[in-house]
Structure formats: structure tokens, C-alpha cells
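K.L.:
Got a structure for you, questions after.
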Amino acid sequence: MTQDELKQLVGQAAADYVNANVPEGAVIGVGTGSTANCFIDALAATKHRYRGAVSSSLATTTRLQSHGFKVLDLNEIDSLPVYVDGADEIDHSGAMIKGGGGALTREKIVASVSDVFVCIADTTKRVDVLGQFPLPVEVVPMARTAIGRRVTALGGVPVVRVTKDGAPFITDNGNEIIDIKGLKIGDPRALEAQINAWPGVVTVGLFAGRGANLCLLGTDTGVETIQYPRD
Ligand code: 5RP
């Protein structure tokens, strides 16, 4: 199967999971990216079961609305039974690198409110040690260079994300992204806490403190369901 076919497979599997486990009238948390898009497309057939969705990016909001989903502000709701999103990497404990699409801050906020984080991914995303994929960090623009120095001291290589035109990539929140190359992340929770504490960091794309509860992993032989114990 191609990677696109695997994404469609897990998108459908996530829609089936949500339809089977989430009560009618609930609000669904929805992530960002090409795999999350497959989930949105698959869930559209049963959208009338749900009160609406909370979105993790402007791009996801547009896609949800194109299917007729009501998009709710997170401030309007008390709880989210489930959050479904892709990942750039996921390890054996359910810790992830996210933010390849630049939506890491809103993704982390919506995920933090959810009861169950369902990660949807294909086998290329599963790793033993996080860090082969550059680790995104959303930063307030005036802190870009100071944070870059801290990244270098940590042993990583800071690369400011740019658009196709070479201009700085600007997030939905008006900030920039530094992608950190060259890290082997042995202790994702500790690194998440360390980078979060740097002044000017809005969000680090390590999702370890609030990792996935479940991964629906697309493989050539079907969808594998992996559960992770969480405290
Ligand atoms: C966006 C993300 C995405 O979930 C991640 O980049 C995976 O994307 P895709 O499903 O397109 O491979 O974190 O900020």
C-alpha cells in the first residue's frame, strides 16, 4: 500500500473508533495534517451524530466546515471525550513529535483537554528513539536567536522554518518555528519540560507528558491498535 492509502485506512479506522466509542451529541477534537484530513473526510458520513468539533488549526477548520461540521471554540465546551490527530514520530511509550504542519500549539491545547488521544499514523512514523524528524518549537519572533543559542548548547542544530518563498513560516498564532535537527531524545518528558521553560518558547512539539492513549497504526496487513498506559 502507498503511504496515502495507509493514511486513508487509519482515517477510516479512527472514524469507526469514534463512532463506536463516543456518545451521540459529543464534541470531537480534531488534529491537523494529511492523516487528520483523512479522518475528517471519513467522519463526515456520520457528522450528524456529533454536536460539532474543536479544531486545532485554521486549515482543519476550513476542512471541517467544507463538510458541514459545526466548529466550536474550545472556550465554549467543558470536555472532549476524544482527540484524533496524526504525528511525525511516535515511540513505544506513545510519546510523539508533532508540529510538522506547524499546528503544534493548538494541537497541544486541544489534546490537553481530551480524555483520550488517538494517534493515527502509518508505520513510517513508528520509531525506537524520537528525534530523527526535526523537533519543531514555536517561538515568539524576538526570541528566535536567543533560543537558537540554547538549542546549539543542547547539541542540536536550529533551523528557522521558512515558506517556499524563503519568508519565515508564521503560525496561526503569529509566531515562528525553529526545527531542531540532530537530537536523539532519550527522555522525551524531561526534554519537553526543559525546552518549555526557555523564555520565548510558546510550545515544543514533544507530546510526552500528554502522549497518546492509543495508536491506530496503518500497516500493509491492516490497522494495528496499540494502547499505552498513561498516568
Ligand atoms: C501538524 C502535525 C501533524 O499531525 C503531523 O505533522 C503529521 O502530519 P501528516 O499526517 O500530514 O503526516 O503535527 O502540526
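Glycine too: its Cβ is placed from the backbone N, Cα and C atoms.
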K.L.:
Among K125, K164, K181, which residue does TrEMBL name as a further substrate binder in the site formed by T32, G33, S34, T35, D85, G86, A87, D88, K98, G99, G100, G101?
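P.N.:
As annotated by TrEMBL, T32, G33, S34, T35, D85, G86, A87, D88, K98, G99, G100, G101 share the substrate site with K125, chosen from K125, K164, K181.
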K.L.:
If you run the three-state DSSP split on D85 (substrate binding site), which class comes out?
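P.N.:
The residue in question, D85 (substrate binding site), is strand (DSSP, three-state).
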K.L.:
Go through the binding-site residues T32, D85, K98, G100, K125 and pull out the ones with a Cβ less than 6 angstroms from some atom of ligand 1.
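P.N.:
Only T32, D85, K98, G100 meet the Cβ criterion.
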K.L.:
Could you state the whole-number distance in Å separating the C-alpha atoms of K125 (substrate binding site) and E107 (active site, proton acceptor)?
P.N.:
18
K.L.:
Can you tell me how far the Cα of D85 (substrate binding site) sits from the Cα of E107 (active site, proton acceptor), in Å?
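P.N.:
Roughly 8 Å, rounded to the nearest whole number.
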